[in-house]
Amino acid sequence: MQASELWFVRHGQTDWNVDQRLQGHEDVPLNEAGRQQAAAAATYLQGLHATARFDAIVSSDLSRALATAEAIRGALGITAIETDAGLREHALGSLQGHVVRAMPPHLRREYDNLRTNPDYKSPGGGESSRQMYERVVRTLDSLPQRYPGQRVLVTTHGGWLFHAHRYLLQLSIDRSQDAIPNACICIVRFEPSTRAWSIQAWGVTDHLKQAGCNG
């Protein structure tokens, strides 16, 4: 059986990204810059699709990821987008909608607890870092089973990609990482004969620079 290849695209920019406001499961739309980033990713992927076709598109069901997927779907001419709630951002409960630097003391304590304790859950429906990591692993491992030997475009979120990177490199849950830019591309392969993942590229933004977009 052939390897599966997954091309992850983080959603384009939102106003909350600009404000550094925690989004979590809040359904925040792309802003104008985000729509331009999605279009730049779509144009780049369309050029690749002409010679090495994508078989499917899967997206988080949050609108910022779906709008990014829709821009790409239109460019590739793929009929439909499959949505998967397993691709959602980290659920942050009562922290959602707040800017870290402006949080009142009680929320700042929650935020610090979330960052330092992998089993801490924010009130109001938040996920712990461990729960988020486990959700990412389940979803990531399911994709080659659902799309064996296929080349799949997946739109998701920065927090999701952070945990995927930790899993792929077998890093600890609380390991710090570099930022993952909006509308960047990350490519991974799954080899079924060895059941091994490999990272082909991570955090690529060349397509945004070529289009004059900020990554």
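Keep in mind that glycine also has a Cβ here, set from the backbone N, Cα and C atoms.
Cβ neighbour count for Trp16 (substrate binding site): 19 (other Cβ atoms within 10 Å of its Cβ, all protein chains included). Look at Trp16 (substrate binding site): DSSP puts it in a helix. Marked as substrate binding site by TrEMBL: Arg10, His11, Gly12, Gln13, Thr14, Asp15, Trp16, Asn17, Arg64.
The active site, tele-phosphohistidine intermediate annotation in TrEMBL covers His11. Taking the Cβ of His11 (active site, tele-phosphohistidine intermediate) as reference, residues of its chain lying under 8 Å away and at least six apart in sequence are, in sequence order, Leu30, Gly34, Ala38, Ser60, Leu62, Arg64, Ala65, Ala67, Thr68, Thr155, Thr156, His157, Asn182, Ala183.
Annotation source TrEMBL lists active site, proton donor/acceptor at Glu89. Listed in sequence order, the residues of the same chain lying 6 or more apart from Glu89 (active site, proton donor/acceptor) and placing their CB within less than 8 Å of its CB are Gln23, Gly24, His25, Ser60, Leu62, His157, Gly158, Gly159, Trp160. DSSP assigns Glu89 (active site, proton donor/acceptor) to coil, not to a helix or a strand.
A strand conformation is recorded for Arg10 (substrate binding site) in the three-state DSSP classification. Residues Arg10, His11, Gly12, Gln13, Thr14, Asp15, Trp16, Asn17, Arg64, recorded as contacting substrate, have a largest CA-CA distance of 15 Å.
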